Amino acid sequence: MSEMLKGIAASDGVAVAKAYLLVQPDLSFNKTSVEDTDAEATRLDDALAKSTEELQAIRDKAAQSLGEAEAQVFDAHLMVLSDPEMVGQIKQNIQDNKVNAEAALKEVTDMYIGMFEAMDDNAYMQERAADIRDVAKRILAHLLGVTLPNPSMINEEVIVVAHDLTPSDTAQLDRTYVKAFVTDIGGRTSHSAIMARSLEIPAIVGTKEITDKVKAGDILAVNGIIGDVIIDPTDAEKSEFEAEAKAYADQKAEWDKLKNAETVTADGKHVELAANIGTPKDLEGVHKNGGEAVGLYRTEFLYMDSSDFPTEEDQYQAYKAVLEGMEGKPVVVRTMDIGGDKELPYLTLPHEMNPFLGYRALRISLSELGDGMFRTQMRALLRASVHGNLRIMFPMVATLKEFRAAKAIFEDEKQKLVNEGVEVSNDIQVGIMIEIPAAAVLADKFAKEVDFFSVGTNDLIQYTMAADRMNERVSYLYQPYNPSILRLIKNVIDAAHAEGKWAGMCGEMAGDQTAVPLLLGMGLDEFSMSATSILKTRSLMKRLDTTKMAELADRALKECDTMEEVFALVEEYTK
């Protein structure tokens, strides 16, 4: 008899296949006394080396199949493995207490995990606890000679079922064989869900009990569009899901026909659909999906993929490659956004209780520590500007004083290059990322001095709602459609237009099919998203009338008190 479970729709698509249970191995061990502590330390070093090699391979594969943005999660894991303080404490534990490496590892990592988890009001520390837990599990497996699940070995069509999928699990999924995945826990903004959308694998998370209900080999029918899973579907249900899968495949084929088309609404208004990228390699996805621009080039990956500060020439070559690759189409380059969850092994930053609200991004660039890095980046960008349509964007701007200071450095380096006889473009737009509520509220003042705005909704929502989207205990407050968020976005768009400037968006909300009608109605000029969302969004835009969507946005802003009311109104206007 079939049974239906409801979960969170995390990645679109429909699939019917047998279940493959991703079961975690038994990593239990006995604490033992040892005489040869040097031998135990050597065992630990071997396990660390194997873990590093594995994670580096997984990271490289993730960068290739998912892009640098999704691969960066593994940088935090690699930094845990090379943390001299933690590794030193484990070895000291072996030496002082004459215990086996397994026991020393568990004692030290449990101490760190407990310490970070105790800071339950600090999302950054919660994430560090999760990183250490994942890495400790991998090291322990090597110490015990136990093989961790390897999803990359799956060689038949299956639907992966797990309590949760770590980023390393998800990055190893081969979409040739893995038709979908379903988990007990997780949310739409979890790392595994974001990776699933990049891989274009249907996914449902947060079912609470899928692993209790399913056995290996059970047939599952998954609809990642609405969040339904049927266990052991009847022939009729199976046929229905297979028909839905075909309909979805046909729909995707229709979207593919729009690859070379401009994005035009039902009433003839052109809207720019751009892509977010992390490296020049990501341009392949932009072209494959018909991107009209690069709306966000995350330059921090140049720094994160290097063992030392990238030189001016290294940066120039990367920026040149992207600008030339886009053949005159706009490229918005975000200056270095280091700090928060993005650390560099060769840049020592002060320890902070909450790095997300601390010393990061433009705050580093404008400091004595970051001045040289920032000026080098400005020179590389200015030199590359002659190869395409460059736009420069400063992240984490809270005050006009910060923008003016950054713009002054840009002008200073530009003049130096001109004096050196180096050709630079005189048509470079300079704008800011709106991700701090203070900047959104003062958008009318900023608009007089910037050339454009790009709304970074991921952080804007977190900072406005005081809720970390990766923290499941408060994730219900991560509300892109909360009227307060919509009002801030509308304020930014109106402020830009009042000064004859353009406003874009580069957060996940820009590619959200529920948000697009609202944002179009508010007058957003540019939507920048994961490249895989572009064709679907272009198809939606073709069906939307800007006058009708403006009415929708106006009503949402004036009449709605809650996120649920906004949802209902959007459904009324788009059904």
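Note that the numbers count up from 1, one per residue, in the order the chain is shown.
Each residue, glycine too, has its Cβ placed from N, Cα and C.
Noted in Swiss-Prot for the protein shown:
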ACT_SITE  His191  active site, tele-phosphohistidine intermediate
ACT_SITE  Cys506  active site, proton donor
BINDING   Arg298, Arg334, Asn458, Asp459, Arg469  phosphoenolpyruvate binding site
BINDING   Glu435, Asp459  Mg(2+) binding site
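Close to Glu435 (Mg(2+) binding site) in the fold, though at least 6 residues off in sequence, lie Pro395, Met396, Val455, Gly456, Thr457, Asn458, Asp459, Leu460, Tyr463, each with a CB less than 8 Å from its CB.
The Cβ of the residue listed as 'active site, proton donor' lies under 8 Å from the Cβ of Ala274, Asn276, Gly295, Leu296, Val332, Met433, Ser454, Val455, Gly456, Ser528, Met529, each on the same chain and at least six residues away in sequence. Taking a C-beta cut-off of under 8 angstroms and a sequence separation of 6 or more, Arg334 (phosphoenolpyruvate binding site) has the following same-chain neighbours: Leu296, Tyr297, Arg298, Thr299, Met393, Phe394, Pro395, Met433. A sphere of 10 angstroms centred on the C-beta of Asp459 (phosphoenolpyruvate binding site) encloses 21 other C-beta atoms. Secondary structure at Arg298 (phosphoenolpyruvate binding site), as computed by DSSP, is strand. Neighbours of Arg298 (phosphoenolpyruvate binding site), defined as other CB atoms within 10 A of its CB across all chains, total 23.
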